[in-house]
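Marked as compositional bias 'Basic and acidic residues' by TrEMBL: 12-26. Here TrEMBL flags 143-193 as domain 'Inner membrane component'. According to TrEMBL, the domain 'Sodium/calcium exchanger membrane region' annotation covers 374-491, 593-719. Here TrEMBL flags 1-28 as region 'Disordered'. What TrEMBL records for 146-174, 257-283, 341-360, 372-389, 401-421, 441-464, 476-496, 544-564, 593-612, 657-680, 686-711 is transmembrane segment.
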Amino acid sequence: MTTNVETRRRKLDTDKQDSPEDHDGAHQPGSCCDGVCVAHVHLEASDAHSCLLQTSSSCTPKHPQRTCSFVDEIRDENPRKTTISAENEVEAQKLANNYKFGFRKWKSHVTERPFEDRSNIVKELYSELNVIKPYSVGSLFTCGNVLYVFLFGWWIALVYVLVGLLMFLTVFGIPYAKLCWKLSCYFLWPFGKSIEKASVSVAAYSVKILQDNSNLEAEEDGKPSSPLLLPTPVGETIEEPTERPQNDHYWWRVSTYIWLLVGYPLLAITHSVLCLISWMLVFTIPVAKMSTKTLHTILLIPPEHVHISQATETQEHESRVILCCYHAVNLYYYKYTVDGINVFAVNLLLLVIVSLVIGYVDKSNEFVSSEVKFATAVSSIIPLSYYIGMGIASISAQSNFAVGAVVNATFGSITELTFYITALVRGHHQGNKCLQEIVKAALTGTLLGCILFIPGICMIIGGLRHSEQRFNSRSAGVSSSLLFISVGGVFAPTLFSKAYGNLVCEDCTNSTGTNSSGSFTCKNCHYDLSENSYSLFHSHIQPLVYTISILLPVSYIIGLIFTLKTHSHIYDIHVGDGTGHLGASVHWSRWRALLILIVATVLMSACADLTTEHIQPILSHSSISQYFIGVTVLAMVPEIPEIVNGVQFALQNTISLSFEVGSCIAVQVCMIQIPILVLFNIFYDVGFVLIFSDLHLWASIFSVIVVNYIFMDGKSDYFQDPRSDWINPALAPLG
């Protein structure tokens, strides 16, 4: 046991002796919530030195600025045990799936979180902009508010002035003209002002004169009486005259219909444009909310009922606040979700529609060039990958192990397989082997990105926040071992062909310009795998490829059984007793998630078709290499949602999940995607041969060796205790 672990254990024992009231629910400084939380310490019978800390999810916060986290991953002194606590069983199942082999890792919630338990920052994102708050004048002059004036405020105010002049010319619309001029001043600088709906009627009331002063005396003493305990006083009720609400006959006015036919349509178009722009910018969503409420509420009530004033905490009783905004920009809106879907994924759906329209309508490239169509089609893969990942996580969290494993194995690779098969079929029909090389480059780029780029970027970003990053060495070693086996199987035919194949070069020229002996410069060198080399390819390499394509999926199934059934203790995932048993309100049901998966797959196929169709003009009219596009753009763009998940895990100091994100994708590429491509080539010959170039071969093998050295051979250098987690010392100064 390490010195640090022993020191923490002695400190824990000392705290237990000095503070026996901790088990009674006393307040713990620095706990997850500044309130009444209960901590239980359990000693495991199997290991007397290890302790399991479980934090109850029933906490009563005392300060609204600090709230309890209802989704916690709690680790004990023995890092082999990972306890998961969540607000419901579905969310706990989703978190447990993140630690399982073969399941794609997902960070976002698949169930609705209790709104009252969320932080004040998140609550502010979902506010209706109708609450008056205390503020200072200086706090309103922010960069975001000033930016609002230059981006939106001036032209919105100008439109209201022009519409007001138009309504003034109609004579009957003069009340609405005055309203437009007031709103023009409001939208030029709406911050710190409130729009209220004033009522012209006075509620009826009555006065009761008491004959018994007992109740009055009790109220004067500060102790209001209870009618259940004291006798009802006998009094005399005098009805005061009340003013009946005035019937304004709003829909009987001529000015109303002039407004709806002349002024309102112009402002509806203006606010629709404003709402669309501000919503697409994400961080200016408060402006979109303000515009929507104005269009649906304020512009449809009688103008005499609209009252604009400075927002103060004391408002008249006969008025109701409709709109009150203090800030136009909120940088935390990247957390905003719509039905569990991140706002960026919602906005990028418009890009999918645009790419499909310009791709299939403008076939002759008269209005949009091939480069733009390629860029939009590739970018459209990002939101579709997000929806596929959300659907997989939703179904897996609500299903058993078998269903979750099948869904992850099929739909988990559907994004990449859709593009690969589409490219191979198009290349076969066009007789273009360039697309086949792009597919191989994309496969290699995915392996390199998942093995090196995703763990590397997660280490760096996680190290900026956390001084130490720990992960379970044994589970990472299992993943790296499976990855080593799968990569070795995929590149075995390439190694065999390079050892026994014939190297053929074309376009060879002598440095002196003659055919005499000397050094030659050759281009397009490759190993002869055509019919001329029948004995090598058809008798040796092709059977080897087919054998590997069968063994790799079998190895994947064996890996699932090994890590999830026979040796599940390697991961040691335990759902804590603090998991709530409240009814889980899932964002997507299983049938809805399945429907979204099918629709997203169909749209993915269409975007992949447009990508392969418009990639050839880019290669023909530019100096960009086909290998560069395959390794970078086509390999990493579909994995952007997974990269974001890995970074979020690293920021929460769960670097082990960040590593598993890349390993899971890489293993699926080798054990599922490549065998499916080979088997597809058997039934529909597209000319796909599982032989890679030298650069792809050695780059992939080198990356796997590096990862295996860190996860397995690096124990003697970085591990103080074989059972402890690996600490990344290079990133410690970054914290």
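Just so it is clear, glycine is given a Cβ too, placed from its N, Cα and C backbone atoms.
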From the DSSP assignment alone, can you count helix, strand and coil residues within the domain 'Sodium/calcium exchanger membrane region' (374-491)?
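In the domain 'Sodium/calcium exchanger membrane region' (374-491), the DSSP-based counts are 105 helix, 2 strand, 11 coil.
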Short question: which residues 6 or more past the ends of the transmembrane segment (686-711) have a Cβ under 8 Å from it?
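For the transmembrane segment (686-711), the far contacts come to 424-425, 427-428, 433, 436, 439-441, 444, 447-448, 451-452, 455, 473, 476-477, 479-481, 483-484, 487, 490-491, 493-495, 497-498, 527, 529, 541, 545, 548-549, 627, 674, 677-678, 680, 726.
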What is the number of residues in the domain 'Sodium/calcium exchanger membrane region' (593-719) that are helix, strand and coil, as DSSP sees it?
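In the domain 'Sodium/calcium exchanger membrane region' (593-719), the DSSP-based counts are 106 helix, 0 strand, 21 coil.
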Can you name the far-off residues of the same chain, 6+ from the ends of the transmembrane segment (146-174), with a Cβ under 8 Å from a Cβ of it?
180-181, 183-185, 187-190, 254-255, 258-259, 262-263, 266-267, 270, 274, 277-278, 284, 287, 328-329
Determine which residues of the chain contact the transmembrane segment (341-360) at the Cβ level, with the cut-off under 8 Å and only residues 6 or more beyond its ends counted.
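Same-chain residues near the transmembrane segment (341-360) but 6 or more away: 108, 279-280, 282, 285, 333-334, 367-368, 372-373, 376-377, 379-380, 382-384, 386-387, 390, 587, 603, 606-607, 610, 613-614.
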Report, as numbers and ranges, every residue of the chain located at least six residues beyond the transmembrane segment (372-389) whose Cβ falls under 8 Å of a Cβ in that stretch; write 'none' if there are none.
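Same-chain residues near the transmembrane segment (372-389) but 6 or more away: 104, 106, 341-342, 344-345, 348-349, 351-352, 354-356, 358-359, 365, 411, 414-415, 419, 596-597, 600-601, 603-604, 607-608, 610-611, 613-615, 618, 633-634, 637-642, 645.
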If I count Cβ-Cβ pairs under 8 A between the transmembrane segment (441-464) and each of 257-283, 401-421, 476-496, which range comes out on top?
401-421
